[in-house]
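Participant: So TrEMBL lists the following for this protein:
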REPEAT    111-151  repeat 'WD'
REPEAT    152-200  repeat 'WD'
REPEAT    388-428  repeat 'WD'
Amino acid sequence: MAPVPRVKLARQLDSSLEASVGQCQHIYSVAKAMPSVYDHMGEWKEHSEVFLDSADLWHSGPEREGIRVLCSLLNSMRRLPLLELEPNNKSPLQTIGEEQTQNPYTELLVLRAHRDIVRFLVQLDDCRFASAGDDGIVVVWNAQTGEKLLELSGHTQKITAIITFPPLEACEEKNQLILTASADKTVIVWDCDTGRQVRKVSCFHSTVKCLTILQRLDVWLSGGSDLCVWNRRLDLLCKTSHLSDTGVSALIEIPKNCVVAAVGKELIIFKLVAPTEGSLEWNILEVKRLLDHQDNILSLVNVNDLSFVSGSHVGELIVWDVSDWTVQACERNFWTQLDTQQEIKLCQKPNDISIHHFTWDEENVFAAVGRGLYVYNLQMKRVIACQKTAHDSSVLHIARLPNRQLISCSEDGSVRIWELREKQQLAAEPLPTGFFNMWGFGRVNKQASQPVKKQQENTTPCSLELIGDLIGHSSSVEMFLHFEDHGLVTCSADHLIILWKNGERESGLRSLKLFQKLEENGDLYLTV
């Protein structure tokens with residue numbers, strides 16, 4: 001029997017986590033026909049006997065152990081050469097063992113409410129978040145307990161953008177508002193405390209693909225085939241003429257009342273003109289078009305007060321000056337720069353080098369490039385660390401954590417935690433010896449030093465080390481949110497949201513509650 005591809009078998013096993021045990025046994029029988037895989041199935045078979053009478057593996061109690069064993073099995077199978085998905089001429093996917101001592105997320109809660117792909121998550125406050133996707137509904141959740149708080153229904157098609165709308169400082173009402181845009185060509189303002197639909201706009205000529213808030217001016221912008229400016233009451237203040245059929249894919253705010261809009265492979269600088277004594281009307285003016293990208297722009301972010309960064313479909317990363325909009329730095333070829341020992345590929349598949357997402361800190365820009373992760377240092381203007389095959393498929397979302405850590409999620413259904421570590425520097429080149437070398441005549445030594453110098457130039461000073469692998473989704477993980485105290489939230493094309501919890505912290509909280517309950521009942525004070 002031909003070996004089953006790694007991802008296909010992984011999908012079957014992941015899907016079995018929310019299926020009946022009978023279906024799990026079917027997966028087991030499929031894998032049994034593969035001797036090298038069957039060797040890793042013994043532990044699962046042994047534990048599966050414990051919960052054969054259960055109808056759902058997601059129940060608490062003994063069944064939770066079944067989830068742990070299945071995930072452990074999946075990790076083991078990912079390390080098998082027989083199940084290698086990619087051809088031999090590609091770099092192997094980095095894997096991690098079952099003992100993930102630096103991964104705190106050892107418990108999970110599965111949240112069910114959506115009926116289609118969940119694409120968006122947005123944090124409302126310290127303990128609430130909202131989810132939205134292709135079923136057109138917005139769900140508000142408690143990030144601590146996983147409780148479903150509200151379900152907001154009003155759109156008739158999939159949601160294409162969502163953003164929080166902070167209340168005004170001077171306003172007495174402090175209710176949390178969110179804006180949602182949909183393929184039904186509407187935008188709705190929701191009150192997330194009451195679930196009330198505050199206002200709705202349905203005068204758009206095309207789908208709104210992005211939303212942004214300019215809090216200082218107390219306006220918000222919508223990007224589609226036009227760029228529109230709105231006030232808090234959803235009155236249209238001004239708009240551009242038709243920009244393109246592709247529309248505005250991303251928007252960011254920059255100083256001097258300007259915004260940057262990604263339209264196809266162009267970046268357009270617009271300036272907002274607020275009402276003055278001479279003019280009572282708003283206006284939006286096109287200031288400049290930046291044409292340095294060769295293909296469609298997929299990602300656009302502000303990294304600090306001085307720079308913003310854009311990334312394209314063909315792997316171009318450009319750092320722009322925020323004041324005069326000139327190019328500060330550019331990286332156009334991530335794949336061939338960092339690995340001189342491998343054969344340089346003259347052509348790559350576009351999705352192998354597409355830059356889907358950015359995150360950043362004070363020193364670096366972290367880029368999701370195809371299946372890989374790259375760390376670009378802003379001061380050195382070069383890539384200082386990379387993992388070319390961080391995932392099996394394209395990386396869709398990344399975020400920076402404290403302690404030089406990074407989280408990434410992918411179309412392959414995985415969520416991974418990485419740590420940026422400094423490599424040991426190469427030993428310094430020895431000083432030349434001998435009479436002739438003293439006077440600079442040592443031609444042989446000079447030539448011998450050139451490969452060392454070249455190696456130092458091409459070697460990255462840091463590395464990205466895999467320290468955690470979270471397995472729970474059975475399809476593409478679209479994005480995630482990180483709550484410092486309440487864990488990690490992921491959403492997926494499998495219609496599920498998973499709330500990943502710090503197992504050690506949760507265990508401590510349960511023990512504390514138990515002692516408090518015993519103390520209330522007087523059970524802690526036993527007489528001898």
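Any Cβ shown, glycine's included, is placed from N, Cα and C.
I'd like these features described in context: how deep, what's nearby, how far apart.
Facilitator: In the predicted model, the repeat 'WD' (111-151) shows an average pLDDT of 96.
For the repeat 'WD' (388-428), DSSP puts the residue distribution at 0 helix, 21 strand, 20 coil.
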Participant: Going by DSSP assignments with H, G and I as helix and E and B as strand, what are the residue counts for the repeat 'WD' (111-151)?
Facilitator: 0 helix, 24 strand, 17 coil
Participant: By DSSP, what is the split of the repeat 'WD' (152-200) into helix, strand and coil residues?
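Facilitator: Counts, helix then strand then coil: 0 helix, 24 strand, 25 coil.
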